[in-house]
Amino acid sequence: MVESRLFKPLKIGNVEVKHRIGMAPLTRRRATRDRVPTPMMKEYYSQRASVPGTLIISEGVLVSPSGAGGFAHVPGIWSQDQVAAWKTITDEIHRKGCFVFCQLFAMGRAGDVETAQKEGIDIIGPSAIPLAKGAPIPRAMTITEIRQMTQDFATASENAVKAGFDGVECHGANGYLLDQFLHDTSNQRNDEYGGSVENRSRFLSDVMKAMVDAIGPERVGLRLSPWSSFQIVRMENPIPQFTDVVNKASKLNLAYLHLVESRVDGAVDCETEAPERLDFAYDIWDKPLLVAGGYKLANAQKLVDEEYPNKDIMVIIGRHFVSNPDLVYRFKEGLKLNAYNRDTFYVVESSVGSSEVAILRSQDALRMPAIESTKAETRWTTRIVPVVLAVAVAYATYVVVARVCVKYLLGSLDETGAAIAILVLYFFFFLFMISTYARTLYHANFNPGVVPLGPRAVERQKAMGEKRMMQSYGTDDVEGRAYGAGPSNDPDSPGLECFYSRDAFVCEPDGRPKWCSECCNWKQDRVHHSREIGRCVHRMDHYCPWAGGMIAENSFKFFVQFTTYTASFCAVVLGASAYVLRRQVQLGASPDSYLIAVIAIAAFFGLFSFFMTVTAVRYILLNMTNVDILSFHQKVYHLAVRVPRGTRSDRFGVIVYPLTMRGTSSHSRMSGKYERAGQQSGDLSATSRDDLATRTFAVLETNPGENPWDLGYRRNWQSVMGTNPLDWLLPIRHSPCTNHENSESIYPMDCILDQLRSRYGLPTGPPSDENTVMEMRGLRS
């Protein structure tokens, strides 16, 4: 199979990337109030440089204080502190073999008027036309200000090179200052910068020339969004205007042209076909083209390989890079993508949704090997049992087909109808038994729902060089260990944001999730550590010698189908053999020893699989597993349930996330602490939404024997077996419960949440406090 051009090298300016999947500029608002990049940002970019040869375009970087327009916590590049901080980030990206361009922009009328007034600057634009009805009216820029802003872009370009960037991208898209000058709906000047197509292009053209003069054309790219209506009222026909811009950029011999397709509109994208085309720009531009448009693997390959095979196109992807730092590797290997969470995109100065270490897997770990038991006797059993099953099925097939049907029913007994009926039933259940067993076997061994190891465990595994690292770190049961146990006791270590970005999760009595000291990772709801395989597993049920692996979330449905079809298969074998044996006795013939043996085997396996099916169905209807059922009637769960900020009560404790890192002050990170019932509140207030983006959780207890995940028999059944009766019968689709993209909790627990809220005097339903989630204006670049 010919490899897609998507994974072929491409020369862009002075750099040669190893593939054609680039990371889009994504505003995250993780800089300081002074717009200086933070160590958190270094970690963020380092993770997304996990595949060597990747081109990363930085988040939008402001060129000057006047260009910032009051947009807080977005990085700039005009001060020495900013340049020095960016240098640490670019050095880290280069250390990992990747390249980075700095996207430079100015806000214009899209700025934040409240913050701008505090900083003593004006909201400016090409004309005194507000962004939207009711929005502040910007002040029209003077000629002097336009020329100064042009120089600001040139100076920022020089600073970017000093900071180690491989190049810069001029942001002329998405309704920011340069884009505002291009549209006749926002630019109604009557001087040299407005009125005609050429005049409206002049400011952007001057900026591009200044940037090229400052650092050279091979270091400069341009981003345009001809069809976008984000922060702009789109002109009736943008093609003449943007044709003029692309022609001017082409004459400057820039490194690349970056185009945003019409289906991407600021913070919103979709998977529909774009109604407007960019062919007018493609026809002009003869150098590398970067294209953004809500792409995934299939349509990215189609764009590069089929639609424009003669163009040097790189596909730019944004939001999926947020939740998949190793996106390029996942695309190439055809691996599943993690869903992104929009609520975490702009949580100011917080690691929530930024440093996805818990999501990032090593590339070796992504090639999941078979999950084997750590016990030698179990490994031998799992190798022998499938062979025994295969021999038993082969023997049953010989007896039923060759002896029962052919020799007796079709031969001496002359019962053709019975023989046909038995053969049809036999092979019907035989085929379904084999297919469900194959699915169970695969998922139990290769994809049972194992939780990725934490970073420390990965490092430890590599250092030890052992296939089963847990054997060297003790065999005690770590199921009940608290968050501080094991090699990492950091209360806000990477991965914690996966919990408090949801509305509820199972926790320790102090409000923190459970910690697995062996896997060095936080344990999500219904995750249990298996001493059998030395790993944490989602919805672990049992280690099955029949399948030679772990029956858990990904394999439980197929296992139930397998035991059901096995019991049915054995019933057919038992019934057919018993019928012929009875006929032999009636005719006075000697009983066939083959029939007696197969009846004994079928009865043993049939009864065993029948009782396993009954037990499994019971667990499904109760929404429980073997592990859940242990001491269930005495078990009490602690649930962290999100409540409006400021909630306090003598009846329960509260905890505020994100937590304070040990060894840091409350000024460098958002502070929060656990308060027991009746304890006085600590200082958890915020002076503004930019200072604090926190979530408050009440720590509530269930009653003994109360199952948080019991949704009722019908929904419990559907969560495992599916909603379509065909899904109950066919081993095709996974259980719906394997989808963990629910924002409320990793597994639905809506029934118990309303009961607990009512029991503790809290409002039912999710909290409506507008401050519990930071709502930002949309994707800024």
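The backbone N, Cα and C atoms fix where each Cβ goes, glycine too.
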Q.
For the feature region 'Disordered' as recorded in TrEMBL, pick the matching range from 183-203, 666-686.
A. 666-686
(Q) Give the nonlocal contacts of the transmembrane segment (418-438) in its own chain as ranges (CB under 8 Å, at least six residues past its ends). (A) 393, 397, 400-401, 404-406, 409-410, 547, 558, 561-562, 565-566, 568-569, 572-573, 576, 579, 729, 731
Q: Grab the same-chain neighbours of the transmembrane segment (384-406) for me: Cβ-Cβ under 8 Å, and only residues 6 or more beyond its ends, written as numbers and ranges.
A: 419, 422-423, 426, 430, 441, 545-548, 572-573, 576-577, 580, 592, 594-595, 597-598, 601-602, 605
**Q.** Residue distribution over DSSP helix, strand and coil in the domain 'Palmitoyltransferase DHHC' (512-628)
**A.** 64 helix, 20 strand, 33 coil
